[in-house]
Amino acid sequence: MTQQCDWLLGNLRLATLTDSEIPYGAIEDGAVALAGDRVIYAGPATDMPDLAARRRLDGRGRWATPGLVDCHTHLVYGGSRAPEFEQRLRGASYEEIARAGGGILSTVAATRLAGEDELYTSGRQRLLRLLEEGVTTVEIKSGYGLDLESELKMLRVARRLGEDLPVTVRTTFLGAHALPAEYREPGADAYIDMLCRDMLPEVARQGLADAVDVFCEGVGFSPAQTERVFEAAAAHGLPVKGHVEQLSDLKGAVLAARHRALSVDHLEYLAAADTNVLAEAGTVAVLLPGAFYYLHETRLPPVAALRERGVPMAVATDLNPGTSPMASLLTAMNQACVLFHLTPEEALRGASVNGARALGLDDRGQLVAGQRADLALWDIDSPAELSYGLNYHRPGALFQGGVLQHDH
Ligand code: NIG
Ligand code: FE
């Protein structure tokens, strides 16, 4: 009997992003078949099995890519940091502002005050900007609440966004993002005690987080404090990731790799020699060129060493009010090429398959049978165009979980 499928997409060029000698794992004259929320065929049209399709779509020669994955955002928050942007342009550094109680803590104050609906509405606006560019999976961190109720509030908002919009939302508990003002006395160790004893267990109990993150930095938490959070996460069965080596080299990446972190993020100060440990642990290196750009950083992450060791590199927006108010993953891909010297193919893999791996997801990010039916069709001549032009491209058609969102 002829097998049924829900969608047959023909006349496509496929950037499958499989491991292949061929750039982008490209297949000209490609076809894709979807059944339910899965891809059941992606390959040359000529090899396509005989399928009875409920609906068909003419790709008109467009390029199909997997739906994009933004694996690092802080897009739920209250307030704005435009005044701090002005301060920094007058010469104040990010760290000076943070130590004076501004920076992350000013967003904490605004986020604590904001009602859940208000956070939802502003977060939704930012998330919609990402979806317009073909993002079908996004990670959202907490970390602007820094008390139990406010952290739970942020995570509930993130979950609700994923229920209401055509996107998979993965949430990350980032209670160890900054030391809240009320803990300046007794200090960071006391805050981490409370986080491990009260916050993390309750977040885990309510099933509100898929992973746990720590800002390991001079203006954040020490490696010893970071490790305690990682241990608490493991005790609750949650995988970890880390903001590490963004402003200095505290060896946070090595620590995270020892704890089998899904990813280590930022990495401008990562020592080239430490890339070995990441390769062995299978930890993804998440590059965040938006924060590098906004902070006028000059030190580059060790991309050549990461590439040489075969550490998977992801690219994400880091969408946040302080260091990366940038709701555009395609822009992050362009910046990864221009600022960090990634190839456009690395940037695209970084914003799809490797982004998915940074979230512990292996069911998406490539156009192959068995993967989730998240895919975007682009009216471009080659996949490099996605990283080449700024604000040139939007997907002409987008499927999320096998459901056609639009076809222009
Ligand atoms: O990823 N590095 C720490 N956290 C964010 C910045 C958050 C903020 O400044 O509000 C980041 O860059
Ligand atoms: Fe971040």
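Glycine too: its Cβ is placed from the backbone N, Cα and C atoms.
According to TrEMBL, the protein has these features:
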| type | residues | note |
| --- | --- | --- |
| BINDING | H72, H74, H243, D318 | Fe(3+) binding site |
| BINDING | H72, H74, H243, D318 | Zn(2+) binding site |
| BINDING | R81, Y144, H177, Q246, T323 | 4-imidazolone-5-propanoate binding site |
| BINDING | Y144, N320, G322 | N-formimidoyl-L-glutamate binding site |
| DOMAIN | 64-382 | domain 'Amidohydrolase-related' |
Between H72 (Fe(3+) binding site) and H177 (4-imidazolone-5-propanoate binding site): CA-CA distance (Å): 14
Secondary-structure category, per DSSP, in which N320 (N-formimidoyl-L-glutamate binding site) falls: strand
Zn(2+) site shell beyond H72, H74, H243, D318, criterion: Cβ within 8 Å of Cβ centroid: T73, K141, D265, H266, L288, A291, A316, L319, N320, S324
In sequence order, those binding-site residues of D318, G322, T323 whose CB lies under 6 Å from ligand 2: D318
Cα-Cα distance linking H243 (Fe(3+) binding site) and T323 (4-imidazolone-5-propanoate binding site), given in Å to the nearest integer: 13
Residue among binding-site residues Q246, N320, T323 with least C-beta crowding, 10 angstrom cut-off: T323
Listed binding-site residues with Cβ under 6 Å from ligand 1, out of H72, H243, D318, N320, G322, T323: H243, D318, N320, G322, T323
For H243 (Fe(3+) binding site), the three-state class that DSSP assigns: strand
Residues within 8 Å of the Y144, N320, G322 Cβ centre (excluding the N-formimidoyl-L-glutamate site residues themselves): H74, Y77, R81, I104, T107, G143, P321, T323
Proximal but sequence-remote residues of the same chain as H72 (Fe(3+) binding site) (Cβ under 8 Å, at least 6 apart): E139, K141, S263, D265, V286, L288, A314, A316, T317, D318, A358
C-beta crowding around G322 (N-formimidoyl-L-glutamate binding site), within 10 angstroms: 24
Listed in sequence order, residues with CB under 8 A of H243 (Fe(3+) binding site) and six or more positions away: D213, V214, F215, C216, E217, G220, G252, D265, H266
Whole-number Å value for how far G322 (N-formimidoyl-L-glutamate binding site) lies from R81 (4-imidazolone-5-propanoate binding site) (Cα to Cα): 6
Cβ neighbour count (within 10 Å, all chains shown) around H177 (4-imidazolone-5-propanoate binding site): 26
